[in-house]
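All remarks here apply to the structure that follows.
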Amino acid sequence: MTQQSGTAVLSTEATADALLVATGISKSFGNVRALQDVSVWLPRGQITALIGDNGAGKSTLVRVLSGVHPADEGSLTFDGSPVRFASPEDARTAGIETVHQNLALIDDLTVWQNLFLNRELVRGFGPLSFLDRKRMQEQAEKMLSRLSVNVPPIRSKVRRLSGGQRQAVAISRAAGWGSKLVIMDEPTAALGVQETARVEELVKGLRADGMTVLLISHNFDQVMRLADQVWVMRAGRLAAGRRTQDTDGEELVGLVTGAITS
Amino acid sequence: MAEAVAVGADRESLGGRLRDIGFWADWAAVIGLVALVIVFGLASPSFLTLGNIQAMLVSAAILIVLAVGQTFVIATSGIDLSIASIMTFGAVVLGLLYAAGWPILLACLVGVVAAGLAGVINGTLVAKGRIPDFVVTLGMFSAASGAALILSDGKPTQVVDGFLLALASGSVGPFGYFIVVAAVVVVVAHVALFHTRFGVHVLATGGNAEGARAMGIRTGRVRLAVYLISGVLAGVGAILLVSRVGAAEPAINTTYLLNAIAAVVLGGVSLQGGRGNILGPVVGALLLTALTNGLTLLGISQYYQPLAVGVVVVMAALLMRYQR
């Protein structure tokens, strides 16, 4: 082990500039206690990874943070003020966007239509509002311009895009609306090596632009490559927290399986 | 980069496009219509006369209006099996109110409202009741024609009125009012589907309802709205039908139902939803009308017409498997 002493252990006490602080979150579904007293925080402008085995509570925690399930107990502080999300719309309004594994893209609509889905720009007023296609297409170009390679053609239907391009569209959409936190659920799970590298570049690009990212991943190498900080879940509880510079893949595996207890 | 180029290479040469079966699939309805016009034009000298073309357009008008309503429903991956029954129901309401001494315009309006209400019932059951579209509208198919029979006691109501006569026989230049009404419906529907937020949400609901909901689109409201549109257009069809026949008949008219769906399919709208297009179903409706008209002109027994329609629709569906 690279670190035996307690110095590397990340405290669940948030630093002053944390964007999101979750304290004492518990959530049960019937008799199943999915989350028990989980406290985590996300440093502003950094990439935080959330890892853990299947059923460890990662998804439930993400659903609590993105407003899908309200927590039974515990509190959330986002951007300095206490929040309570009753629906995904609430979380979105606050500035939290989630890229789900199924991406929520509409295959038969174009890239720009997907980027503006339910946020369409219109001209006119009331019942005589018509889509401002030109302005949406121009802004769509800008939203995708941060992708240096593998840029999907904005007038192409999403059906024709590669897996990596689809992921890029979904991430660009999540990042493109003044959101402060983007949560990504296994963004490279279905991708090949090259496309994974491109999506990772995109995620780094978001950080370079000052975005805060929460990344759910099963891939420890990816976590070590991308993340600044890691939270490990095990059996519905927070098992450990680490700065990635103070840990390695081997320790993370140990923390996930329970071979190492922090 | 290579990928982006390959995806972006939409502009092929004309020769290349003609060899691509996808091109034929995309334009199946137009090509079919042109082929029919050539064949019938050669076979029957009266087919391409101005009078016959006008007659065809007039008789296509009701089918076009119904097909447009059906297109909205099918674009959300639903189907409205009750559209022709609701038209019959609207026609009977119109006829009875007129017979009861109501002014014709008010009778027409209430007929349309009644048809729209039937659509709202469809939409509510589909959206809120979470019953499959097929089952809900199959029930409405029966219920609306039943209501028409009960209200009218199974008897047709004569509607002889100056306004409806003028609607059936008058024209703007060479275009009869029926054609004008159908054209207005088509233009408004096209704008609604492709130039409004509502239209995008219709296609999103049909293409990926779960994804649309995740983006905050209220898919239940969208489904309700498309059935309302379908019902109201069935009501507009009812006015045209009463005007054309000169009476409100409670008889079930399944030909209109099947042809409305066939026109939408011919127009390249996927029954799986998510893909929509207004001009395609219009061409589909014109094609079906030309087919029936041409066969009649050639003196072929009308018993062969449903067979011909069936063959054309299935052939078109086969070709559309290659749609891009």
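Glycine residues also receive a Cβ, built from the backbone N, Cα and C atoms like all the rest.
Since this is a predicted model, take the numbers as computed values, not measurements.
Record features (TrEMBL):
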TRANSMEM  B:21-43  transmembrane segment
TRANSMEM  B:55-74  transmembrane segment
TRANSMEM  B:81-98  transmembrane segment
TRANSMEM  B:104-127  transmembrane segment
TRANSMEM  B:134-152  transmembrane segment
TRANSMEM  B:172-194  transmembrane segment
TRANSMEM  B:224-245  transmembrane segment
TRANSMEM  B:251-271  transmembrane segment
TRANSMEM  B:278-297  transmembrane segment
TRANSMEM  B:303-322  transmembrane segment
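Below 8 angstroms of C-beta separation, residues 78, 80, 82, 86-87, 89-91, 93-95, 97-98, 133, 136-137, 140, 144, 161, 163-164, 219-221, 223-232, 234-236, 238-239 of the same chain, each at least six residues beyond the ends of the transmembrane segment (B:104-127), sit close to that stretch. Most Cβ pairs under 8 A with the transmembrane segment (B:251-271) among the ranges B:21-43, B:81-98, B:134-152, B:172-194 are made by B:81-98. The stretch from B:55-74, B:81-98, B:134-152, B:278-297 that makes the most Cβ contacts under 8 Å with the transmembrane segment (B:172-194) is B:55-74. Of the Cβ pairs linking the transmembrane segment (B:134-152) with the transmembrane segment (B:81-98) and spaced 6 or more residues apart, 3 or more are under 8 Å, so the two regions touch. Outside the transmembrane segment (B:278-297) by six or more residues, the chain places 29-30, 32-33, 36-37, 39-40, 43-44, 46-47, 52, 55-57, 59-60, 63-64, 67-68, 70-71, 186, 189-190, 193, 259-260, 262-269, 304-305, 308-309, 312 with a CB less than 8 A from a CB of the stretch.
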